[in-house]
There are 2 protein chains.
Amino acid sequence: MTTQERKAIPVPQVEPRATIPPQNLRVPGPTPVPQEVLDAQAAPMINHRGPEFSAIMKRVTPRLQYFFQTASPVLTYPASGTGAQECAVVNVFSPGDHVVSIIIGNFGTRLAKIAEAYGLNVSRIEFAWGEAADPAVVEARLKELAPYKGVLMTHNETSTGVTNDIQTLAALVRKLSPDALVVVDAVSSLSSLPLEMDPWDLDVVFTGSQKGWMIPPGIMMIAASERAWQAHKTSKLPRFYWDWSSTRKQLETSWQHPTTPPVSLFYALDVALEMMLAEGREAIFARHKKAGEYVRGRVQALGLQLLATDARYASNTVTAIKAPEGIETKALLKKLRESEHIVLADGQDHMKGKMFRIGHLGYFTDSDLEQTLDAVERHLKELGYQG
Amino acid sequence: MTTQERKAIPVPQVEPRATIPPQNLRVPGPTPVPQEVLDAQAAPMINHRGPEFSAIMKRVTPRLQYFFQTASPVLTYPASGTGAQECAVVNVFSPGDHVVSIIIGNFGTRLAKIAEAYGLNVSRIEFAWGEAADPAVVEARLKELAPYKGVLMTHNETSTGVTNDIQTLAALVRKLSPDALVVVDAVSSLSSLPLEMDPWDLDVVFTGSQKGWMIPPGIMMIAASERAWQAHKTSKLPRFYWDWSSTRKQLETSWQHPTTPPVSLFYALDVALEMMLAEGREAIFARHKKAGEYVRGRVQALGLQLLATDARYASNTVTAIKAPEGIETKALLKKLRESEHIVLADGQDHMKGKMFRIGHLGYFTDSDLEQTLDAVERHLKELGYQG
C-alpha cells in the first residue's frame, strides 16, 4: 500500500452521551466517592512543577505513610493496581531470581504471571479459591523451596473475598529466610483492614486509589523497606517508568514526580485523606469489620454459601458468594442493575457466572449495604431461589 | 531491629489545604481544562466492567482514531507520557535490537534512555537544542547505521519548542529501510498539530491526555500499524502492564480494559472529544498555528530570542525563549506567578534557568496569550531588560 492509497479517517458517528442514573455501586473497586471528593477533582489544573502541587504532596505523603504505617517514603504513580504489582517486581529482583508466590485467587495468579513475564523463576504455593494461605502448609513448602529471594503474597484477595493473615505469613518468611523480601499486594485492603508495614516488617507494600481510599482509579501507591531499597540497588530487571530511585529523588528534593502526575486525582486524594483522618484509622477498620459481618450474616441467613471456606478469613472489604443451584449470576446482576441500580461484580476467571461479589470498602453507609442485601434477597426469590 | 521495636507511625501534622487562585496556566502541560470538562470528572463512579463504561469507550475510541488518523485501535492506559514512551518500546522490540534515536531535546533523550534501559542497542542522531532534525543529515546517518529495527523520533519537542517534519522523516526511513518501524512521540502535538498516522505510514504513535486533549493528566493513548502489530508478535521484551495484546483484546471484546481504567478521566475525555469535534480538527490546527505565530511575533518584537533556530520548525504548541542576558528565569517566573498568576515553565536539563517556555496548546483563548505576553514584557522591563 503506498502512502497515497492510505485512507483518511472520517469523523465517526457515535451514540450520544447519556446521563448515568445514581447507582449503589457495590463492586470491589471502583468504589463510590464522596461528593466533596468528586467535586475536588473539578478544580482548575495547576503546574505539576509548581509550589501548589508540592504543597499537596507534602500533605498527602506523610498521611499515606501513616496509613501504610511506614517511615519509608510512599511513592505514587499514575497506574492501576496491576501497575503496582509490576512496579513491585521490577524494582527489587533480577532475571532468574527464585521467588515464591503464595496464591489464593486471581490477583495472586496475576502477580506470579508478572514475575514470570520478567524472567523470574516462580514457585507457586497455591490454595483453592475460597481458602486462605494455611501457615503450616506455607511453612512446610517454604522449607522445601529454599533458597528464594522473595515471597509474593496477597493481603486481601479481591477475586475470592478472603484475607490472608499477612502478619503470620510474613513472620514465617522472616524466621525461615531472614533476607527474603516479603512483597505484599494490599490493593484491596490497605486503609480498610489493619496492615502495619514497619511493625510487621513487610518489604514491599502497594495499593490502588479506587479501593479503600474513596477516590477514583488512576493512582497507585507503593512503599519499600530499607531491606527492599538495598535489594533495589542491585536489582537488574529493566525499568524506567516504574523506577523507584527517580521517583524517590524527585519526591525528596521537590515534593514532585519525575513524570506528569494525575493532578485532579491528587486533588481528590488530598481531600479523601483529610476525611479519612477525621474518621480515624481504627474507626475505618471497625466500620469495615462491621460491614463484613453484616453482609456475611445476611448472606448466610439467606442460606447462601460464601466462597470463603473459613469465616475467620472472610474479607471485610469484599464478600464473594456462590451462585445458588439453578441461578445464573449474569441474570441476577442484570436484574439488580437495571431495576434497582445496584451494581455487583461477577466472579473472575473460572468462577465467572458461578458466583457474585459485593464490595463494602471505602465510602459506604449501613443503608447502602442493607438496600443491597434486601434487593439480593428479593431478586433471588423472583428468580426461583427457595433459600 | 525486632518486630517489637519497630515504631508505630503517629498521625502526621500537615499544613491545611488552601484554595488555589485561578491561574493563567501557560506551561506545556498540564494545560487548562474547560469548566464543562472539569465538571464532568465529578460524576459518580461506575463499574469499569459495566455497560455504562463500555458506552464511553465506544464513543471515545473511534474519536481518538479520527484524531490519530488511523484505522488501528487506539489503546489507552493509566499513565503519563513517559509511560507511553515505555509502552511503545517494550511492545515491538527484543533485547539487543538495533534502533536509531533521532534526538532534538530532552524528551528524545528520554525515549532513547528507555530503549537502552530495556537492553536495546541505540544509535543516536542528535541535533543541538533548538534545531529540528535535518532530513539530509538523518538520511546520511541512517545509511551508515543500517540495518536497524526501528527509528524513534519526536514530533514536537516540548523541551525546545521545535516541531520535526515527521512526514518527511518517516518517508525517508520507509525509503531506506522499508521494514523498519517508525516510532513517533506525539505527546505534545497530537490533536494540536497536523499528524496523520495511516496516510504518513507511521508505525507507533502515542500521546498524553494533559497536552492537546483539554483534560487533566493520567491517560496516555497509543496506536500501532499492522507492521508494528506483526513486530509485536515476535517482540521479546518483558511486559505485562503495557502489553498491547491484552489491552486490544479487552477493547475489542467488551470496550473495556484489562485493568482498572481512570474512570473520572474518561468522563473528561468523553466530553473533551465532543468539544474538539464541535470545533473541528482543522479549526483546532488553525487555532494553534495562529497562537504559535502570535506568541513568536510578540517575543521577537520584544527583541527576545527563540530557542528554535529556524522559524519554519518553531512549534505551534510551545514556544521556548532564551532568557535575556542578565535576567534570571527563576526570578521572572516567580514574579509572573506571584503577582499575575501567570504560570510559565522553566527550561529542562542543562537549559534550566537559561530559558523559559510558554505553552499554547489545548484549551486557550487569544486573551490568555495576550495577557501572558503583556505581562512578560512588563516584568522583563521591571527586571531591567532593555529590549
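Placed from the backbone N, Cα and C atoms, the Cβ positions cover glycine too.
Taken from TrEMBL, the feature region 'Disordered' applies to A:1-29. Annotation source TrEMBL lists domain 'Aminotransferase class V' at A:30-350. The N6-(pyridoxal phosphate)lysine annotation in TrEMBL covers A:K211. TrEMBL lists A:R357 with the feature substrate binding site.
The distance from the Cα of A:K211 (N6-(pyridoxal phosphate)lysine) to the Cα of A:R357 (substrate binding site) comes to 14 Å. Packing around A:K211 (N6-(pyridoxal phosphate)lysine) is summarised by its Cβ count: 29 other Cβ atoms lie within 10 angstroms of its Cβ, all protein chains included.
Annotation note: the residue listed as 'N6-(pyridoxal phosphate)lysine' sits in a coil segment as assigned by DSSP. Within its own chain, the region 'Disordered' (A:1-29) is flanked in space by residues 81, 158, 187-188, 208, 210-211, 217, 317-318, 337, 340-345, 357-362, 364, 368-369, 371-372, which lie at least six positions past its ends and keep a Cβ under 8 Å from the stretch. Summarising the environment of the residue listed as 'substrate binding site', the number of other Cβ atoms within 10 Å of its Cβ, over all protein chains shown, is 25. Averaged across the domain 'Aminotransferase class V' (A:30-350), pLDDT in this predicted model comes to 98.
Across the region 'Disordered' (A:1-29), DSSP classifies residues as 3 helix, 2 strand, 24 coil.
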